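**Student:** Sharing a structure with you now.
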């Protein structure tokens, strides 16, 4: 009897969370809410796969009867997706790794090398993370125009780098600062340079954080609209968001194709998110928001 | 690896490491911020080689003659207040819920975060279509529920267009606050929560006295980021209403852009930018000072 009693207590403690009516109600609320939240996405997916006749004839959340794949090819051709997709890929593939590299290097130096103005410099970077560039579209245009870089890849990549660096430096600095001294000091005493320590020790251990930042940066670069609108005037240089905006203006009544265009614009970012998402919350937790 | 004196000086190495980031940041982010202040004191159409200094004329014009500016200012303030209240509150509630051991919490987190990944301009396109007065989802649903009296021209009615837009914005950004709060919740001491529960504290008491204090830093970060991202509201307004109908949903960032890049009055556009920049700084600078002091105390 005495042997069993405490065990029962344990059991009841363990089972309690499952039977808790509070949690059941909570679960129902969260699921209902989630269904509402995902409804627009389902709507896009369904409509993108319906012919226009079917869009008109059926209700919004009826799954497509005959899958109209030709919405995708139609939107691809009419919306000039070949060009805009290529431009978006080129800009993102250059900007994201380069920006992470620059930020990681700077964050390492600011966190790990004693500098007279180190703290001030960090504050200077941090400041940029707080300033919305949407406020300064005109002077950015003037500057890039002054360099003769309007309608070029560098003309949009350089400002993207500039506005991506501050936040990444901030996050990575927090992470590097928390790395125990023992890890780098031995190597430094043995005569390794900071560049080596950064490359051989700090880069490998910061991979989860870098993966989280990669998602954030990929998504924001891929989706960026305002700066591209100002800096890329020639439609041969347009990125996907600009192309989508123009598509909406011209073919807004072709619902099937419009939704196919939306889906094609959004899909790569969703894919990258799904691939790297297991690093996402853990990566951000380790750097940014430690209590 | 060359072992010269050059590489060994840690100052030189620091310079090499910081150099690229600093150069690109100073040139393409900080310089435009200084330039916009110069531009705001000039009269310029963006092309003319000659820029004329006009002192405070641009500011005088905006503050006294530009009715749209005041509408934009009011809308920006309304938008910011809403953006600081609603998405963070809903995000916090979701994070608290999805931090429990619940069936399917991982896919649910993904669903709530999904809109954050979608391009704002695509969100604008989606919602514009859902708000369509004739073919849109909302009016269809209202019709099928026999609630015809509630049918509206969601983006065409000046009284409600701003709020319709804000609903779309909330849909997009709730997941962002949620993820930050979820990250913050991982730092809440579990044993403390359990001890409090065993001692008979109610859920509300645990939240009020254990969870909330632990979320203090996260809360500050979320609120500041929400404020800043609300001031950035550009894509969604540009894509949904373009500031209309009759400028009733105009915002400062968009109005600054239109003045400079569409009306080609860089001076007035820049003056609007400077005003918005000043608003931003009054929020950002106190936060930076607070966070620096906080870090100093933590060390």
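Glycine too: its Cβ is placed from the backbone N, Cα and C atoms.
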**Student:** TrEMBL lists transmembrane segment for one of the ranges B:160-185, B:238-263; which is that range?
**Tutor:** B:160-185
**Student:** Looking at B:12-34, B:35-57, which one does TrEMBL call transmembrane segment?
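**Tutor:** In TrEMBL, residues B:12-34 carry the label transmembrane segment.
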**Student:** Are there residues at least 6 beyond the ends of the transmembrane segment (B:206-230) whose Cβ is under 8 Å from a Cβ of it, and what are they?
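**Tutor:** Apart from its flanks, the transmembrane segment (B:206-230) reaches 79-80, 82-84, 87-88, 91-92, 96, 173, 176-177, 180-181, 183-185, 187-189, 192-193, 196-197, 280, 283-284, 287, 290-291, 294.
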**Student:** Under 8 Å for C-beta pairs, could you tell me which stretch among B:12-34, B:77-98, B:160-185, B:269-288 has the largest tally with the transmembrane segment (B:110-130)?
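**Tutor:** Result: B:160-185.
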**Student:** Please give the sequence-distant neighbours of the transmembrane segment (B:160-185): residues at least 6 beyond its ends with Cβ less than 8 Å from one of its Cβ atoms.
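**Tutor:** Apart from its flanks, the transmembrane segment (B:160-185) reaches 75, 78-79, 82-83, 86-88, 90-92, 94-96, 98-99, 109, 112-116, 118, 120, 123-124, 126-127, 131, 152, 154, 211, 214-215, 217-219, 221-222, 225-226, 229, 233, 236-237, 240-241, 244-245, 248-249.
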